[in-house]
Amino acid sequence: MTDSEETVLYVEHRYVCSECGEEYPSLEEALEHQQSHAAALQEPQYQIVGVNSLENQYQCLECGLLLRTPEDLLAHQELHPTQNEIQKPKRPTRSEIHYECPECKALFNSQDVWMAHRYTHMQVQDVSHSKIVLQTDDHVIEDGLQLMCAPAVPSEVHLVTGDPHFHVSTPSSASVSHTQVLVDLEHSYKKNEGAGEDCAMELLLYKCSECTQLFQTPGEFLEHQGTHFSGQERISDTNSHLDQTPQLSLNGQEKEPIINQGNTCTDYQAENKELLVQPEGEQAEQDSWTVDREPVFSCGDCSETFQTTKDLEEHQISHQNGPFSCPLCSKVFPTYPEVGEHLKSHRSESRYLCVDCGLAFVSEAVLLNHRRSHLANPLFTCECGLTFLNMTRFLYHRRVHSSKQPDTGAVEEKKTVNSIAPSPAGNFHCDPCGKDFPLLSQFLRHQRFVHALERRHKCPTCGKHFKKGSHLRTHMLTHTGERPYSCTVCSKSFNSQANLLRHRLTHTGEKPYKCQLCGKAFSQSSTLQQHQYVHGQAYLYKCNECGINFHRPYRLLLHQYHHTGEYPYKCQDCGLSFLLKRLLEVHQLGHRGEEPHRCRECGTNFPSVQRLQDHRCSKAGDGGGEKLECPICGKKVTSDAHLNTHVAAQHSGNKRSNVSSGKGTPVLPRNKLKGGGGKNLECSDCHKTFSTETSLQVHRRIHTGERPYPCPDCGKAFRQSTHLKDHRRLHTGEKPFKCDVCGKAFTIAVRLSEHKRIHTGERPHSCPDCGRAYRSFSNLWKHRKLHREQQVQLQEPESQPADLSSTVAILETVETIPIIETVEIFPEGSTISVQDIQFETLQVENIHLGNIQIGTL
């Protein structure tokens, strides 16, 4: 046969009769044939003299089980796997504790299966070696099970269960002759089937010789017997009790225990009394069945009595002094009852065996943890040399080394704790922070968590560490976005209750934290602490890009966004980004065709009416827009703090302690507010002086040409972040500052202030040389620049004609235009016309001369 040829095999299944060897193509035909052998299939070990055999018994060819109908046999055959069925892969072998059968040497991994298997050997021995004798009236069946037929009584069975009201009702049986008795060897009860009279079914109860506990089935009895022994003792002792049968009494008459003839067994102990099972109404004076339990052994220490010497010995161990160790493992317990409770874990099904020492464990995790003890080096080793088998204890030990200074030991720690004494007031005072604690435990906890800098709670998301677990749980809400605490006034939600309480102060207006230097109040203690840095010039937060210092961390964070040009809040419609979320929400109103809600005092826009109501405008003040005026120069400011700062910065030479605001807050000198007097910071390039370091740093960018704030839209850079903020409104088209008189809007507040002076006619900026006044400071600065140029020209008369520098014209328009507003013209009364003027320094595009206002000085 070549390799290319295919071989087809036809397999035909046939069923062979186990009695005569005939073959049949189907199981149904084989079952019908076996009906002829039904009489021959009757097993003599189950046949009792005088009892007719059952008809139509069908035996399973796999396990030999007898069934009554073919349908039952077919249903039973489905439980056996066929040969063509794919075998499941075997589980990997693991260390298990097996139970060995002493008869056939079979191994079982479950105690229940082992007990059930041992019971099968007991049945075979009972049937093969014992005599089967039937008694119809007064005789006894000597097969290991007693058969009793009571007189005609109600069909009830009374069990000795401890509950006198517990009983089981069974239907009465008829249609069977009085001599036909069926004994069911697979159960612990017998069936009396009599004809013409009712017969009660009585259960055979099994009594433990050690603890006098009762059981209904041999399996439960044998399993319980195994709990009184361990190891080989359990198996050997169980063998001695397998063939013993419980003792029953018929009509109150005690019987001797019946032992199977074929087995060599030991008798029950003398104190093992018989169980009395009687029908109801048989003995009126007895309300319930009792079992004689006479304590014969007493303890000499506590006079407690016991039924067996084993119980007495176990009890006497409890009077000994601990510790007690487990005989199966190395665990130690302070009392013996705890050892007994621990031994129950070893009696359970421990299937995980240690190959090194032979100890068994319930779970694989416990076994792996135990096997670390057999390693040469333990798994968890600390830097100080200590080793741990348990990870939890190792982590707890590492807390000792978490502080900056190493721990010197438990002895020194106890000395430190003992040396702490309460103050005369009864409190424990903390020197670093000044807090008082009523209890020593609270004081030590404060020292450990606050001043030891021990942060052992780590966030799994960002890796940040916290001192307390509650702080970590609050921090985790920032990653999930959950805000479970909401304000009942404005419906704002917060991720912690502390933030909610701080927010409520904005509704009540309460500011409990007040600065002692300037009188300014704050709602949070941290804000007051940061404010005090201003007085002491303590700017702790420095920008690494430009070197500007800030006294608040969030100011530095907002400042750093200007360097990168990437703002955190981006519009999804047009792609513009914003520094604040409020600005983004106001911008998105324009996409929806809605108008923002604007504050009339300061011109700030808000996305909702509620946000506008929550806004407390500093320009409005408590007096409806009234400002505080400086008594020295007349400048108006919005608050006491601004007035004190202004006086200290601008008028440090005039030390006026009587300058006060409407609230009577005294103005402190400059040296008390900021630790120094006047403008003591000088620029090394131009020798200009400044009052703050921030102002000096911003000024020095003029000399260095540094522009650290680029525009993310066009790339243009600026020296200050405020200039960038104003510039970005050109891209967005936003003009939040609107004139109340004419309705004209501007991008910055300065332009609006200059525009309002047109309506009022106010010219606050005057020239000190000629006395001319201007509406804006920029126009005054440009005007004074001309005076400086005139002085230069007077020093060099030959460079310019003398008659060309006598008059100056200032061009002013209603709207600001990008032109140079100063020109030089000929004196008045000259014959030269306006058209002959030479505009050398004036750049005008698409502007007629009629729109230019020409004036003379």
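Positions of Cβ are set from backbone N, Cα and C atoms, glycine also.
Of the given residue ranges 569-591, 799-821, Swiss-Prot assigns the label zinc finger to 569-591. Residues 324-346 are the range that Swiss-Prot records as zinc finger, among 140-162, 324-346.
Count of Cβ pairs under 8 Å against the zinc finger (765-787): among 457-479, 541-563, 569-591, 681-703, 737-759, the largest is for 737-759. Comparing 99-121, 541-563, 569-591, 737-759 for CB pairs under 8 angstroms to the zinc finger (681-703), the maximum falls on 541-563.
For the zinc finger (99-121), the predicted model reports an average pLDDT of 76.
When the zinc finger (457-479) is classified with DSSP, helix, strand and coil residues number 11 helix, 4 strand, 8 coil.
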